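Below is one structure; the comments refer to it alone.
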């Protein structure tokens with residue numbers, strides 16, 4: 001069966017609410033989101049985790065709250081229990097997920113969509129998440145990774161800790177230094193509210209009648225041409241339990257100097273059509289690597305294709321945005337999340 005589109009529908013409804021639409025067109029979509037959350041909750045009870053992920057699960061609760069719709073206490077308590085037992089994820093993914101969950105908790109408590117006792121627990125959990133955001137900050141000011149940082153900043157803003165938490169100013173400075181990383185509509189949607197001192201919670205109190213129509217077309221300038229070529233070492237790794245041979249592919253790939261990682265993958269497929277093949281999936285964040293050498297990363301197996309710059313530095317940008325330097329070694333590694 002196809003998994004529920006919880007996260008995608010939640011983001012769509014958040015964006016729809018921000019555009020101040022008439023009430024009628026999206027009521028059925030809200031009903032579908034409530035249905036998806038019930039499906040997720042059933043999956044959590046049977047498998048020990050949602051059918052999709054806690055990130056999508058949290059986004060669903062947040063979107064319904066912004067639309068001022070109640071969800072069952074059991075659905076909310078599942079998220080609360082997962083956070084308490086630190087089951088929200090691993091590595092940088094934890095920052096994104098815990099931030100989304102904290103925003104959902106703060107929204108439910110602020111909009112009084114839960115009882116007094118549960119609201120008090122959600123308030124404590126949101127502030128705990130805020131402290132975890134600060135602990136996850138690196139020496140460069142980034143929290144998790146550059147794409148997780150806007151989510152963490154939204155938590156500081158939503159909980160009111162942006163005035164007292166030193167990590168807020170450091171993370172904002174890091175964000176301003178890396179704005180070129182936010183080149184897709186989805187990543188821009190995460191960073192723009194923060195740059196204006198807002199979080200997604202503010203969508204719920206938007207005064208639509210006061211909003212002038214100020215949208216204007218944006219003329220995108222093409223990237224400057226970079227002359228010459230470069231060589232990129234492309235390595236594919238598949239550790240146990242999925243494979244017996246750790247290194248499945250290792251090849252020097254010549255590409256134009258301005259080539260992105262996606263261009264490198266395409267060039268490798270042309271060079272070695274029998275040895276190298278890959279597939280991507282289009283997402284709001286851009287193309288996402290789903291299959292390499294016939295090995296597919298699957299939601300139910302809880303694995304994904306991690307991209308690293310040798311020896312062990314995770315990639316901070318999407319495959320279509322990242323432009324590896326000449327002589328770089330890039331590793332595609334099937335990993336567990």
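Glycine too: its Cβ is placed from the backbone N, Cα and C atoms.
Marked as cyanocob(III)alamin binding site by TrEMBL: 52, 53, 54, 55, 56, 96, 145, 190, 315, 337. The annotation disulfide bond is assigned in TrEMBL to 65-107.
It is 16 Å from the Cα atom of residue 107 (disulfide bond) to that of residue 56 (cyanocob(III)alamin binding site). Residue 52 (cyanocob(III)alamin binding site) sits 20 Å from residue 65 (disulfide bond), taking the Cα positions as reference. Of all the Cβ atoms in the protein chains shown, 26 others lie within 10 Å of the Cβ of residue 65 (disulfide bond). Note on residue 315 (cyanocob(III)alamin binding site): other Cβ atoms within 10 Å of its Cβ, all shown chains, come to 18. One residue stands out among the binding-site residues 52, 56, 145 for having the most other Cβ atoms within 10 Å of its Cβ: 56. Across the structure, residue 56 (cyanocob(III)alamin binding site) and residue 65 (disulfide bond) place their CA atoms 14 angstrom apart.
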